[in-house]
Amino acid sequence: MSFLFGNRSSKTFKPKKNIPEGSHQYELLKHAEATLGSGNLRMAVMLPDGEDLNEWVAVNTVDFFNQINMLYGTITDFCTEESCPVMSAGPKYEYHWADGTNIKKPIKCSAPKYIDYLMTWVQDQLDDETLFPSKIGVPFKRNFMSVAKTILKRLFRVYAHIYHQHFDSVMQLQEEAHLNTSFKHFIFFVQEFNLIERKELVPLQDLIEKLTTKDR
């Protein structure tokens, strides 16, 4: 949640996506922040009583976008065409970009380019009122959950790249507690609702086990 970043520079990679104050989604976000503050992440990710699952996933997806946006924003000086000529998560995992519309055939590109494509694409989805309706009573499209799953699968890759390629920089900046808390929250959320296939999480499997075993 955004409160994790309370007193720090607000440098973000892309503009922050705001949820309109006074909306039901804003209330849900406040509820999530309050339960997160209790420190019990397993409880914090659960669907609140009487709430709509699509809306809960939507609010949290926007929040994870903002968190990753801020985390990546702190290390952009270290993630360059020279340092990261391919988008990878360790030596075994390399990601090629395609969005199905502008770039149909996957292309190999540097990590900063890939993450720029990825975050721009996510932003476009979040800004689409037909996909992420912000007004009360506007229904979610039937394909909402599959779009949300794709967004979360892709956002995971930014965490994976930061952990594998830039963790030294994160430690130098004393950001590791923020990164770990954000990622743990993300993992608990996607596990709670089965939003990312297990095979996609393999690049950070050891870390996931370490972060989640204590809370079983």
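In case you wondered, yes, glycine gets a Cβ from its N, Cα and C as well.
Predicted automatically and left uncurated, TrEMBL annotations should be read as such.
Using a 10 Å radius centred on the Cβ of C79 (Zn(2+) binding site) and all shown protein chains, the other Cβ atoms total 21. Positions annotated as Zn(2+) binding site by TrEMBL: C79, C84, H161, H166.
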Problem set entry | Other C-beta atoms that fall within 10 angstroms of the C-beta of H161 (Zn(2+) binding site) | 26
Seminar exercise, completed: Comparing local Cβ density (other Cβ atoms within 10 Å) for the binding-site residues C84, H166 points to H166
Problem set entry | Listed in sequence order, residues not in C79, C84, H161, H166 with Cβ within 8 Å of the centre of the Zn(2+) site Cβ atoms | I75, F78, S83, A111, P112, I115, I162, Q165
